[in-house]
Structure formats: structure tokens, C-alpha cells
Amino acid sequence: LSLSELESIHSIQYIQMDELREKIANAFRIEDKKIVRCFLAELIGTFFLVFIGTSANVQQAVAAGGNSTSAHIAWGIGFMFAVFLAASVSGAHLNPAISFAQTILGNLTIPKMFIYWVAQFIGAFLGAAATYFGHHDDLWTIDRGNRQVGGVQGTAGLFATYPSSHMSVWGSLLDQIIGTAILSGLVCCITDKRHKIHSAAVPVLAGTIMTMVAMTFGANGGFAINPARDLGPRLWCLISGYGWEAFSANNYYFWIPLVGPMIGAIVGAFIYKFFVGLHGLNDTLNVTNESYEGNSRGLPQFTSGSPGRPYVDGQKTAQGYNDFPVAINFNEGGTLVGFHSSPYRS
């Protein structure tokens with residue numbers, strides 16, 4: 001065969017392989033079902049968060065002289081990349097408490113909230129399972145295959161969270177409320193568009209927030225601050241040899257990481273809205289002639305004064321933009337994405 005013939009054959013094979021790859025990609029690509037893509041994004045994001053975090057817990061327990069700081073940093077880094085994974089699709093809630101708070105604020109519908117919850121709990125469960133199998137030998141060095149919750153050889157706490165011996169029931173509940181309130185309030189802060197934080201910086205800041213909460217509340221009860229992060233791994237412990245003690249230990253502590261974060265997320269979000277979020281809107285709106293697509297829920301409108309250039313339509317003479325309605329637009333994940341404005345035409 002001549003060189004030109006070989007090149008022709010190679011080109012044909014390349015085109016065929018390219019077509020094959022495209023067919024495979026099209027078979028799995030989801031374009032028209034936004035909620036399915038959100039479900040998958042929340043699942044993989046929560047999976048990654050729990051897998052990295054619980055893996056760090058195991059490594060800390062196995063390493064000679066290991067301390068909690070390394071695990072706290074790993075949880076923060078894991079959260080950062082988990083947000084990177086899911087943010088552009090679902091808003092990267094990765095936490096039923098955050099989804100609940102966003103629903104209360106009106107940024108997420110109730111049906112979608114439940115779909116997010118299912119994805120988050122499944123992702124957390126699978127993340128714990130991946131850690132269990134990926135670090136099976138590490139776990140064996142601690143408990144010699146005798147799966148137990150407490151004691152010197154207890155390893156359930158590497159997956160789910162349990163309180164320190166000095167913590168009371170109400171102290172533990174308050175610990176979860178405060179920790180989650182900090183997370184929720186600061187998430188509202190870093191996603192507030194008026195602060196002009198670049199979208200690529202949000203995951204980094206989110207990871208920093210997680211590390212901060214871990215370092216300030218981690219010793220009390222493992223800083224669950226996330227019902228899925230705790231219940232998913234706890235369910236895995238239940239079926240992987242730890243038994244019902246995974247739930248009954250510490251006077252049935254398991255309900256606290258479920259209820260506390262739900263309360264805390266709402267508290268944190270409303271504290272931010274009351275002290276910061278509701279103020280100064282008229283001073284910071286950036287109104288342009290651009291058009292933003294609204295969502296199906298109907299957008300809230302209010303009147304804002306601003307000097308502007310006149311316009312002319314088919315029915316009115318030139319009129320200033322002194323008063324106009326402004327609609328606040330959110331994406332599917334509940335993130336503020338822009339403003340749509342138009343003059344009154346009465």
C-alpha cells in the first residue's frame with residue numbers, strides 16, 4: 001500500500017471511531033430532562049463529599065500520631081471539589097438541610113426538594129460503601145474484623161457521627177443547629193451576586209467554610225451538619241456488620257444529626273437575609289437592556305427608581321426609565337443569576 005492509501009485508511013478508521021464515540025455519548029447524554037441531571041449531579045457530588053471525608057477519617061485513625069486537623073482539611077477540600085462537580089447543574093446543595101432552607105426561601109420547589117433529598121441520601125450511602133471497601137484493610141488493622149460502634153476498636157464513628165462523652169442531648173442538638181446555621185448563612189453570603197464573587201471562587205470559599213466549621217465544632221460530635229452525610233453512612237453501618245447499635249448508641253443519638261441541621265439551615269439563611277440580604281437592593285441593582293429568561297414559578301417584582309435614557313414604543317412618546325419593575329431571576333439550583341427590567345407600559 002502506498003503512503004496515501006494508508007493515510008486514507010487511517011482517516012476512515014478515525015472517522016468511524018469518532019462516530020462510535022459520539023453514538024455512545026448520545027446514548028447516555030441527558031439533554032431534555034433537567035431534573036434527572038440535577039438528581040445525578042446531587043448524587044455524585046454527595047458521594048464524592050462523603051467518600052473523601054470518611055476516607056480521611058479512616059486515614060486519621062490508622063496513621064500513627066494522626067490528628068483531626070488533617071481530616072478537617074480533607075473534608076473541606078472534598079466539599080470544594082464536590083461543589084465544583086455539581087454547581088453548574090443543580091446548584092450543589094449536597095445537603096438536605098440546605099435544600100430544605102432553599103425551599104423555605106422559595107428558591108426550590110417542594111417536589112424538587114424531595115428529589116434532591118433522595119439523590120443526596122443515596123450518594124452518601126454509596127460514598128460510605130466505597131470507603132468501607134476501599135479501606136477494608138485499614139479498618140481491619142483497627143478492629144480485626146470485629147465491627148463495633150464504641151470502645152478502643154470502634155470504627156462506626158469513622159462513617160457516621162457520634163457525640164463526645166461530655167456532650168448532653170441538648171448540647172449536641174445546639175451544636176448541630178449552630179454549625180449548620182454557620183454553613184447555611186455563609187453559603188447565602190458567598191452566592192449573593194451583590195458581592196460580585198466569581199462563580200469559580202464559590203466552591204473554594206465553600207470548602208473553606210466547611211473546614212472552619214469542622215475545626216470549631218468537630219470535637220463535639222463530628223460536625224455532621226448534614227442529614228445525608230450522617231444517615232447514609234449510618235445505614236451502611238447497619239447492614240455491614242455493626243448492627244442496630246449504629247442507631248441505638250448514645251441513647252439513640254442518630255436523630256440529632258437529622259433534626260438539628262434542618263433547624264440550623266433555616267436559622268442561618270434567615271439571619272443572613274434579615275441582617276444583610278434584604279437591605280440595599282435598590283442601590284446595587286445593575287439594570288441593563290439585556291433580557292433574562294425567567295423560570296416557571298413566576299418572578300417577584302418591585303419598583304426601583306433609576307435615571308435612565310428614554311425609550312419609544314409604538315403607543316407612547318419618549319419616556320424615562322424612572323420607574324420600572326425588576327424581576328429577580330434564579331436558576332434551577334436557586335442561585336441568583338440576574339435581573340430583568342422593562343419600563344411600565346400602562
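Each residue's number is its place along the chain shown, starting with 1.
Each residue, glycine too, has its Cβ placed from N, Cα and C.
Where the annotation comes from TrEMBL, it is an automatic prediction and has not been curated.
Non-local neighbours of the transmembrane segment (35-53) in the same chain are 71, 74-75, 77-79, 81-83, 85-86, 89-90, 92-95, 112, 115-116, 118-120, 122-124, 126-128, 130-131, 134, 228-229, 232-233, 332-333; each lies 6+ residues outside the stretch with a CB under 8 Å from one of its CB atoms. What TrEMBL records for 35-53 (among others) is transmembrane segment.
Counting only same-chain residues 6+ beyond the ends of the transmembrane segment (73-94), those with a CB under 8 A from a CB of the stretch are 37-42, 44-46, 48-49, 51-53, 55-56, 59, 102, 116, 120, 123, 199, 202-204, 206-212, 214, 223, 226, 228, 331-335. Here TrEMBL flags 73-94 (among others) as transmembrane segment.
Feature annotation from TrEMBL assigns transmembrane segment to 114-134 (among others).
The transmembrane segment feature in TrEMBL is assigned to 169-190 (among others).
The transmembrane segment feature in TrEMBL is assigned to 202-225 (among others). Listed by sequence, the residues of this chain that lie at least six past the ends of the transmembrane segment (202-225) yet keep a Cβ under 8 A from its Cβ atoms are 68-69, 71-73, 75-81, 83-84, 87, 92, 95, 97, 157, 160-164, 167, 171-172, 175-176, 178-180, 182-183, 186-187, 190-191, 253, 256-257, 260-261, 264.
The annotation transmembrane segment is assigned in TrEMBL to 252-272 (among others). Residues 95-98, 100-102, 104-105, 160-163, 169, 172-186, 188-189, 221, 224-227, 229-231, 234, 246 of the same chain lie 6 or more positions beyond the ends of the transmembrane segment (252-272) yet place their CB under 8 Å from a CB of it.
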